[in-house]
Amino acid sequence: MLGWGVVTACTLLVHSYASLMVTRALVGACEAFIQGAVFYLSFWYTYKELATRGAIFWSTSALAGAFNGLIAYAVQKNLANVNGWHPWRWLFLIEGVVPIGWAFVVWIFLPATPEKTKLYFNEEEKAIIIKRSRQAFNTGESKIMPKLILRVILDPKFWLMAVVQSANLFCLTSLSNFLPAILRSFGWSIVKSQLMTVIVYACAFVNILLSARISDKLQTRGPIIMVNTMIGAVGYILLLTLKGAPGRFAGACIVAMGMYPNVVIVLTWTATINVGYTYRASAAALINSIGQAVAIGSNEVYNDPPYYKKGHGAALGMAAAGTVFCGLLLLLLRYENAQKRKEQSSEKAAEMRNVSIDEIGNKHPDYFFTY
């Protein structure tokens, strides 16, 4: 967070394309650590409540999108050419200074693990926190075991989940490619266009929290992801078939509402089907890396303005693929749960119970998948 804030603030000093590319690359490198937020939350919350907690964190991303529009509106109105700076320089300064200040608050008050909690809680409360952490299969002394990472990569569930997340991130990234064109087609001023982005991200914010709450309440992940992906697909169908600005704007709102919640629910699902420190950490990191790499393609296919038929078609195809692969993952998890139930009393299951869950992960005979 501190690094991200410093680099973002320093962006106001760039005067060449090369220096801009360097700062953007550094921003991306710093942002990579933020993706571990759900992994961090899995130390503190049980699997039954993890989606809601992750959604509270992730919803701030949509909230930031809404506030960015408001901040841009305020800067455009009040700070244009103040101190001889264009509005974009003020934006980078404001967006950099805030996380720099907040980073020190996080540094002081946010403990690394439940075992290292020192502030706020007495010994009895700390014991309860650690007990809850153990219920989420955390040991408190776990370390990355490189030899186990290959097992994650060879697991079919990993690749099915990677496709689902890649589809989500591809569609989510597409939003920034076509939304400005829709706003311009209304004929509004730049200032008003910035203000109207709030509506799109507000739709995402509401459904992130709603979807996660339903997911935790019903203790199901896959069906929620599939329904949201189909909602996003409806948005792309509107974008493909309508040419009027109001209809396409509605399509953009539906895309945001459908695709935003999926990202955090997939991360939650990834954490809960990859038990054991190494399995959970490596699966979360690798799936997100694959998804972000695929999302780059979204920037390449959105090259046919103003209606972006090719881009919307590609995004609709990705949404369809995400739905299908999510369904396949559901079937696989159901099958593996059934196999574990059959083998509960077997000699193999008895032997595996003597091995730590950090080492055998989701193959432990007493661990059953949520789907």
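The backbone N, Cα and C atoms fix where each Cβ goes, and this holds for glycine too.
The average pLDDT computed over the domain 'Major facilitator superfamily (MFS) profile' (1-371) stands at 92. The domain 'Major facilitator superfamily (MFS) profile' annotation in TrEMBL covers 1-371.
Here TrEMBL flags 56-75 (among others) as transmembrane segment. Panel annotation: around the transmembrane segment (56-75), residues 37-38, 41, 87, 90-91, 94-95, 191-192, 194-198, 200-202, 204-205, 208-209, 256, 260, 263-264 of the same chain, lying at least six beyond its termini, place a Cβ under 8 Å from a Cβ of the stretch.
For 87-110 (among others), the entry in TrEMBL reads transmembrane segment.
Taken from TrEMBL, the feature transmembrane segment covers 195-212 (among others).
Long-range contacts of the transmembrane segment (224-242) within its own chain (CB-CB distance under 8 A, at least 6 residues past either end) are made by residues 164, 167-168, 171, 178, 207, 211, 214-215, 218, 248, 250-259, 261-262, 265-266, 269, 307-309, 312-313, 315-316, 319-320, 322-323, 326-327. Taken from TrEMBL, the feature transmembrane segment covers 224-242 (among others).
The transmembrane segment feature in TrEMBL is assigned to 249-271 (among others). Within the chain, the transmembrane segment (249-271) has long-range Cβ neighbours (under 8 A, six or more residues past its boundaries) at 35, 38-39, 42, 47, 50-51, 54-55, 57-58, 61-62, 161, 164-165, 168-169, 171-172, 174-175, 178-179, 182-183, 186, 196, 199-201, 203-208, 210-212, 215, 221-222, 224-225, 228-239, 242, 280, 283-284, 287-288, 315, 319, 322, 370.
Here TrEMBL flags 314-333 (among others) as transmembrane segment.
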